[in-house]
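So the structure is just underneath, and the comments pick up after that.
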Amino acid sequence: MGIRRAARRYDHDSVERLSVRPQGEAANINDYRRNAKPYHSISEDLLAKSSGHHPKNSYVSTIKAREQENKLCKYWMSGYCARGDKCWYLHSWYCGDGFTMLAKLEGHKKAVHGIALPLESEKLYSGSSDGTVRTWNCHSGKCVRLSNLGDEVGSMITEGPWVFIGMKGVIKLWNIQTVDELSLKGPVGQVYSMVVANNMLFAGAQNGVIFAWKGSSEASPFQLVASMEAHSDAVLCLTVGEKKLYSGSVDHTIRVWDMDTLQCIKTLNGHEDAVMSLLYCNGCLFSCSLDCTIKVWFATEGENWEVIYTHKEENGVLALCGMNDAETKPVLFCSCNDNTVRLYDLPSFTERGRLYSKHEVRVIQRGPFPLFFTGDGNGSLTVWKWLQKPGGGAP
């Protein structure tokens, strides 16, 4: 049984219409200027439940208030702010235009490390370090199944009818069509990242090894074909693009792998701390790190990768995700250690909004348009939706 390629809408690693020019061409690095400015801003059934989550108009009358309007009110976040609409701080889980929050799905007791919405499924899956996978009804927002796996979930992805759950020393597979359940053993330590490409499942493990399984026969759907060794510490993130696999690690490096030979062909040095997330798009590789930077890499002739732009944040960067808004404009989501997710228009890196959370957001996941999801360190799963402008058509 081969691993079927999922629809493009589920591919973390592609953002349509993003154009980045290699260094030396006109307006290249200038395209990545930052001009930060604040904005206000699983299904229609959930929209009715979100009435209490829309932003309130903040009363801004002083310089101090203007400086604080983009910060979340800790009293409101706890349940009550005596100043109400006159509070200097933000009373909303987001600010910005073009999107809204539909619902918060509560139930996990610890951090959410994976969110998966399989193709043509009406069930949403979330995995947590509390050792459970919750299955949510996309229409009601109710948890319809609680699966206690007995150990922490380190990662989760979906491809075709399969849900892959990365755990310590094992990957569990659920087929939502046949209800088959399989286990792939081999990884040493926690499985922090997974990706499917070229009819193979790749998994990055705690011991620094990337394990590869190939889709095979009905009797034995997945066969271990390689243990790819190059990193000296845990592999935290994986992405694919143009017949290459890219891996980021606690060892501060990014490795480039040939998808045919499964050999490491390049090591990218540039980050000064753990590489937390990778995103490949139209010839460019985006990487983020606990060193508080997002780097944009471009390969010139001969696989000579160069950093063509570095974007700096005030806090460590935990996760990246790319998607298009309702007008098909590319947007980069960037989760930071200050419990916020920054939204940047590309290629300008102009800030267009923020998402807020009580704890750091560990995972950002695209769903079928117009939905996307975030999961935080406290176990909350939030459902978001892109909004059409009045009179706008489908993207």
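Note that Cβ sites are derived from N, Cα and C of the backbone, with glycine treated the same way.
Bear in mind that TrEMBL entries carry predicted annotations, made automatically and left uncurated.
Here is what TrEMBL records for this protein:
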{"type": "DOMAIN", "residues": "67-94", "note": "domain 'C3H1-type'"}
{"type": "REPEAT", "residues": "105-146", "note": "repeat 'WD'"}
{"type": "REPEAT", "residues": "228-267", "note": "repeat 'WD'"}
{"type": "REPEAT", "residues": "268-297", "note": "repeat 'WD'"}
{"type": "ZN_FING", "residues": "67-94", "note": "zinc finger"}
Counts of helix, strand and coil residues, the repeat 'WD' (268-297), according to DSSP: 0 helix, 19 strand, 11 coil
Helix, strand and coil totals (DSSP H, G, I; E, B; other) for the repeat 'WD' (228-267): 0 helix, 24 strand, 16 coil
For the repeat 'WD' (105-146), the number of residues DSSP places in helix, strand and coil: 0 helix, 22 strand, 20 coil
